[in-house]
Amino acid sequence: MNGTEGPYFYIPMLNTTGVVRSPYEYPQYYLVNPAAYAVLGAYMFFLILVGFPINFLTLYVTIEHKKLRTPLNYILLNLAVADLFMVFGGFTTTIYTSMHGYFVLGRLGCNVEGFSATLGGEIALWSLVVLAIERWVVVCKPISNFRFGENHAIMGVAFTWFMAAACAVPPLFGWSRYIPEGMQCSCGIDYYTRAEGFNNESFVIYMFTCHFCIPLMVVFFCYGRLVCAVKEAAAAQQESETTQRAEREVTRMVIIMVVSFLVSWVPYASVAWYIFTHQGSEFGPLFMTIPAFFAKSSSIYNPMIYICMNKQFRHCMITTLCCGKNPFEEEEGASSTASKTEASSVSSSSVSPA
């Protein structure tokens, strides 16, 4: 083994010189230059500085404007709630620990930070699954006369939290565990050890199969069918140009959200799987730290995509920020009318396959 295993931690360094210490009790400056912890803290501060306002604004604007409270937007709001959960439960913890150079908050803090990051990431993934299924059902119409309504959206939100909890809760009760990883100032699932009594191997296989591979397969299937349906409908000109444009805009927005999720989380998942399948192999602290903290940036992607690509929401947001007036009223209003992306309009006038 090319690391040092201790009670509830694994340091990616052999303790041949006796410098390795518990990441709950001592600064880990022997792993990397102390300046790296300052950079990490600054990065987390940036994510908090951007992530909190943009996700809070998404929630506030939707509550402020009744016309935005559509079934599809319930799922998008669920993403914002998950991101805020990560900001408060994970980012604030990590910025504090990185300032000290070790996980000063102890085992309880490690569980809170690891749970928050895992739950937020899983809610985001399963929300994208629900969005993909919604797009597939609305556009491809595998169920005739089906309309995605408020009850379906509420069930979809409840489903995302249930599935996310099924992944994030078990390590709190002994099926695997959360331990410090990388530079030892953030926590994640124990991919590193075969510690007795925790069944890490079975949990990691369960997590990768049921909470990563299967949801991604569902997403790819739905969008594969959706792309074919949109092309067929466009060729047959079965729907009006306005309807087709609205469908394309909503679909494009959700696809970009999926791509941004993959860009954020696949590097982390790939490195975690490599470490799990090569336990005991040599790797440095940055090997896991960089993809782990890159994945955390996903908390600012989805609301930015939503704001940039949903013209109606952007119009309402500007109105809210400018005290009820939109200085770009003519441009935003015209665009919003021409290509409305409300779920209600999407559901009632959807593109069907030829």
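Glycine residues also receive a Cβ, built from the backbone N, Cα and C atoms like all the rest.
Feature annotation from Swiss-Prot assigns disulfide bond to C110-C187; the stated evidence is sequence analysis. C187 (disulfide bond) is surrounded by 34 other CB atoms, counting those within 10 A of its CB over all protein chains shown.
Summarising the annotation, Swiss-Prot assigns N-linked glycosylation site to N2 (among others). Around the Cβ of N2 (N-linked glycosylation site), the same chain contributes P12, L14, G280, S281, E282, F283, each under 8 angstroms and 6 or more positions distant in sequence.
All chains included, 13 other C-beta atoms sit within 10 angstroms of the C-beta of N15 (N-linked glycosylation site). Mapped onto three states, the DSSP output places N15 (N-linked glycosylation site) in coil. Residues or ranges marked as N-linked glycosylation site by Swiss-Prot on the basis of sequence analysis: N15 (among others).
Marked as N-linked glycosylation site by Swiss-Prot on the basis of sequence analysis: N200 (among others). Taking the Cβ of N200 (N-linked glycosylation site) as reference, residues of its chain lying under 8 Å away and at least six apart in sequence are, in sequence order, S176, R177, D190, Y191, T193, R194.
Just so you know, the Cβ of K296 (N6-(retinylidene)lysine) picks up 24 other Cβ atoms within 10 Å once every protein chain is counted. The feature N6-(retinylidene)lysine is assigned by Swiss-Prot to K296, with similarity to another entry given as support.
The annotation region 'Disordered' is assigned in Swiss-Prot to 329-354.
Sequence annotations record features per position, and here Swiss-Prot assigns topological domain 'Extracellular' to 1-36 (among others).
Per Swiss-Prot, the feature topological domain 'Extracellular' maps to 97-110 (among others). Remote same-chain residues near the topological domain 'Extracellular' (97-110) are listed as 8, 23-29, 34, 37-38, 40-41, 44, 178-180, 183-187 (criterion: CB distance under 8 Å, separation of at least six residues from the stretch ends).
Same-chain neighbours of the topological domain 'Extracellular' (174-202): 3, 5, 8-12, 23-24, 28, 31-32, 36-37, 40, 90, 94, 97-98, 100-103, 110-111, 113-115, 117-118, 272-273, 275-276, 279, 285-290, 292-293, counting only residues six or more beyond its ends whose CB sits under 8 Å from a CB of the stretch. Feature annotation from Swiss-Prot assigns topological domain 'Extracellular' to 174-202 (among others).
Long-range contacts of the topological domain 'Extracellular' (275-286) within the same chain, counting only residues at least 6 positions beyond its ends with a Cβ under 8 Å from a Cβ of the stretch, are 1-3, 12-13, 28, 31-32, 36, 182-184, 191-194, 201, 204. What Swiss-Prot lists as topological domain 'Extracellular' is 275-286 (among others).
Per Swiss-Prot, the feature transmembrane segment maps to 37-61 (among others). Outside the transmembrane segment (37-61) by six or more residues, the chain places 29, 68, 76-77, 80-81, 83-84, 86-87, 91-92, 94-95, 98-99, 101, 183, 185, 289, 293, 296-297, 299-300, 303-304, 306-307, 313, 316-317, 320 with a CB less than 8 A from a CB of the stretch.
What Swiss-Prot lists as transmembrane segment is 74-96 (among others), and the listing cites similarity to another entry.
Among the features that Swiss-Prot reports, transmembrane segment is placed at 111-133 (among others), with the record citing similarity to another entry.
What Swiss-Prot lists as transmembrane segment is 153-173 (among others).
Swiss-Prot lists 203-224 (among others) with the feature transmembrane segment. For the transmembrane segment (203-224), same-chain residues at least 6 beyond its ends with a Cβ under 8 Å from one of its own Cβ atoms are 122, 125-126, 128-129, 132-133, 135-136, 163, 166-167, 170-171, 175-176, 189, 191, 255, 258, 262, 269, 272-273, 276.
Sequence-distant neighbours of the transmembrane segment (253-274) (same chain, 6+ residues past either end, Cβ-Cβ under 8 Å): 79, 121, 124-125, 128, 131-132, 135, 188-189, 191, 204, 208, 212, 216, 219, 223, 287-288, 291-292, 294-295, 297-298, 301-302, 305-306, 309-310, 341. According to Swiss-Prot, the feature transmembrane segment maps to 253-274 (among others), an assignment based on similarity to another entry.
Sequence-distant contacts of the transmembrane segment (153-173) (same chain, six or more residues past either end, CB-CB distance under 8 Å): 71-72, 74-75, 78, 82, 111, 114-115, 118-119, 122-123, 125-127, 129-130, 134, 189-190, 203, 207, 210-211.
Tertiary neighbourhood of the transmembrane segment (74-96): same-chain residues 40-41, 44-45, 47-48, 51-52, 55-56, 58-59, 62, 104-105, 109, 112-113, 115-117, 119-121, 123-124, 127, 130-131, 134, 150, 153-154, 156-157, 160, 164, 185-186, 257, 296, 298-300, 302-303, 306, selected by CB-CB distance under 8 Å and a gap of 6+ residues from either end.
Long-range contacts of the topological domain 'Extracellular' (1-36) within its own chain (CB-CB distance under 8 A, at least 6 residues past either end) are made by residues 100-104, 106-107, 110, 177, 179-181, 183-185, 190, 192-193, 195, 279-288. The secondary structure of C110 (disulfide bond), as reduced to three states from DSSP, is helical. Close to C110 (disulfide bond) in the fold, though at least 6 residues off in sequence, lie Y8, Y24, F103, Y178, I179, P180, C187, each with a CB less than 8 Å from its CB. K296 (N6-(retinylidene)lysine) sits 30 Å from N15 (N-linked glycosylation site), counting Cα to Cα.
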